[in-house]
Amino acid sequence: MKVLLHLPALLASLTLLQTAASASDDPTAETDIIHDTVEEVKVWVNKAFLDSRDRLKMAMTTKIHSTRHLSDYLKHAKGRTRTAIRSGQVWEESLKKLSQFLTNVTGQGLDLTLLSWEAGCDPPAPTMTCNISSPYRTITGYCNNRKNPALGSANRALARWLPAEYEDGLSLPYGWTPGKMRNGFPLPQPREVSNQIAAYLNEEDVLDQKRSMLFMQWGQIVDHDMDFAPETEMGSDTYTKAQCDEHCIQGDNCFPIMFPPGDPKLKTQGKCMPFFRAGFVCPTPPYKSLAREQINALTSFLDASLVYSPEPSLANRLRNLSSPLGLMAVNEEVSDNGRPFPPFVKMKPSPCEVINATAGVPCFLAGDSRASEQILLATSHTLFIREHNRLATELSRLNPHWDRETLYQEARKIMGAFIQITTFRDYLPILLGDEMQKWIPPYQGYNESVDPRISNVFTFALRFGHLEIPSTVYRLDENYQPWGSESELPLHTVFFNTWRLVKDGGIDPLVRGLLAKNAKLMHQNKMMTGELRNKLFQPNHTIHGFDLASINIQRSRDHGQPGYNSWRAFCGLSQPKTLEELSAVMKNEVLAKKLMDLYGTPSNIDIWLGAVAEPLVHRGRVGPLLTCLLGQQFQRIRDGDRFWWENPGVFTEKQRESLQKMSFSRLVCDNTGIDKVPLNPFQANAYPHGFVDCSSIDKLDLSPWASVKE
């Protein structure tokens, strides 16, 4: 079906200059103009993407490195994700060019369906046939919903629970145009907000007396299993990333974070922190909105995709296809006291080698490109591949007639259930506290009318976890005492730090630290440690770090996020308008005044900051707004997942009973040299109180998976 857009309406939204030129009445004229324009745009968009990849490779081989290079490595789009983002870039740039010189090409409007086809956007029709009888998820998440196979699959737009809010109604973020008002007030610079609200002078952390480091780390695991929005490239044939990196020149997809007067970073890092906008996808029929929509490169489901990847080609590379046992590939060069590490990435040199050239240990290859971002995350990935291989090996003993594919898929299915169970049984109740039942009622079965897509706002709600990260990572010995001469590692030294795992102790000392050390408490007066607020991706003294709080604020504007009060209204909460009302919501007059001085109105407070600033709910670790946003999202990914572990038919009744015995403590017992673990690993634990021998921890009984060969 031909979908048309009346151009005057578009131009009002784009605020672009329009010439008086008009095309011929020839019905082929529009087709030719669209084709020629898209082909022209493709040339320089493709060049920008190629240049970016080459520049990243070159950056890793030079002796002068920057925080930007390390960030680029994490946020660099690959495979199908890269293709989807490139098509979105071509679509948007082509639309801008067409709107500059066309008035009414055919007398009816611009054919957006044709434009989408020329730009390489996904066709509306399904691109694959779904095997509705398959007991296994697809790698991409496609076919989960039988009526709408693409729902929740990888490389689609994040869902909008509220309409996007951009300066121009289309793509420009608020804060882009100097002096531009929002709700009658100018927006403050993100770094200024960070300096005044997120910082604290005394760097001593306020530790959470009831939550372990594992509680913090599990939040990142869940996040990396459900959402990832890589950055896009420059949108212009004349503007380069170098201009953004080196000269802080705002333009196209460069949106630098400027340092305010008096900021200490002005002396060491110049005028700004470089910031590139998130990748986005083409609009989809029926084109009711042309506002920029950011991509989710992952499946929306809690399915262990961080272990297995949502990208089919990578998923295959992560497997040991030479083994008949359905195993994941492991590192053939190094091991951890005989236990496997993940394979190394092939990129030479990788950022992990760059930050410690002497050690020369590459980053790990995993289902998620961020696996080596920090040492505790790399430790978690190591545990997961070990557990997969343990499960696959045990299943092969039970079912020697099963082929490699069945063993792989069954182990993968169990791993997905483990992450689901651990998240909903152990993590969410102590995160959402007394509010959990309000937002996540007991499971009633799969509902195909529930939209499981990750919402755009959820990608900011989950960033509350940044305020739970302490300034130190601990390594402990078998008696849970300090391990070696460097038992306490400053947080900024563990980014891209695989060499510590491979050459300095393995994962066991770090796992003990996860179990026996405390998370940081999310505190209104001590929000974010300076290790993240000033030293993000600063692995050594030669590289100056980023500010994660500023990035979160700038990213929310990049995504066109509505402000604090809009989300309070969405959740049925009060919308403060005055200092007194905001003070009552925050239960903190000093904080409320700082926010009002910066933003002018509570309506303008950036969603991430407003949400994390709220006082915690009873027995939880987030405030009322976050319990709403997090609770609704987790309810949707559970009820809208056809392969949810509790959905009848996914597992047998006996298998479900057995799966409930799985626990993180058992995962540790089965895949490390640790023999004493806490009964409640997500709660704060002080050894030996609450610790038991591994023989006291329930094991997963795999006998319900035994089958008789037909």
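Even glycines carry a Cβ here, placed using N, Cα and C.
On a predicted model such as this, the values are computed, not experimentally measured, just so you know.
Sequence annotations record features per position, and here Swiss-Prot assigns signal peptide to 1-23 based on sequence analysis. Here Swiss-Prot flags Cys130-Cys143, Cys244-Cys254, Cys248-Cys272, Cys352-Cys363, Cys571-Cys628, Cys669-Cys694 as disulfide bond, drawing on sequence analysis. Among the features that Swiss-Prot reports, heme b binding site is placed at Asp223, Glu373, His466, with the record citing sequence analysis. Feature annotation from Swiss-Prot assigns active site, proton acceptor to His224. Among the features that Swiss-Prot reports, Ca(2+) binding site is placed at Asp225, Thr299, Phe301, Asp303, Ser305. If you look up Swiss-Prot, you'll see Ser313 marked as phosphoserine, on the strength of similarity to another entry. What Swiss-Prot records for Arg370 is site 'Transition state stabilizer'. Annotated 3'-nitrotyrosine per Swiss-Prot: Tyr480, in sequence order, evidence recorded as similarity to another entry.
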Rounded inter-Cα distance in Å - Cys254 (disulfide bond), the residue listed as 'active site, proton acceptor': 25
Site with most surrounding Cβ atoms, counting all protein chains shown within 10 Å, from the binding-site residues Asp223, Glu373: Glu373
Heme b site, defined by Asp223, Glu373, His466: further same-chain residues with Cβ within 8 Å of the Cβ centre: Gly219, Gln220, His224, Arg370, Leu377, Arg463, Gly465
Cys254 (disulfide bond), number of other Cβ atoms within 10 Å: 23
Local backbone state of Cys628 (disulfide bond), from DSSP in three classes: helix
The one of Cys143, Cys363, Cys669, Cys694 whose CB sees the fewest other CB atoms within 10 Å, among these disulfide-bonded residues: Cys694
Ca(2+) site shell beyond Asp225, Thr299, Phe301, Asp303, Ser305, criterion: Cβ within 8 Å of Cβ centroid: Arg137, Gly141, Met226, Leu298, Ser300, Leu302, Ala304, Leu306, Pro310, Gly416
Other CB atoms within 10 A, centred on Cys130 (disulfide bond): 14
Separation of alpha carbons, Ser305 (Ca(2+) binding site) and the residue listed as 'phosphoserine' (Å): 13
Least surrounded among the recorded positions, given as His224, Arg370, when other CB atoms within 10 Å are counted: Arg370
Sequence-distant neighbours of Cys571 (disulfide bond) in its chain (C-beta under 8 A, six or more apart): Pro624, Leu625, Cys628, Leu629
Listed in sequence order, residues with CB under 8 A of His466 (heme b binding site) and six or more positions away: Met528, Leu532, Leu548, Ala549, Asn552
Nearest of the recorded positions (His224, Cys244, Cys248, Cys694) to Phe301 (Ca(2+) binding site), judged by Cα-Cα distance: His224
Spatial separation of Cys244 (disulfide bond) from Ser305 (Ca(2+) binding site) - C-alpha basis, Å: 33
For Cys143 (disulfide bond), the one of Asp223, Asp225, Thr299, Glu373 that lies nearest, given that the binding-site residues are compared by Cα: Thr299
Residue among recorded positions His224, Asp225, Thr299, Cys352, Cys669 with Cα closest to the Cα of Cys272 (disulfide bond): Cys352
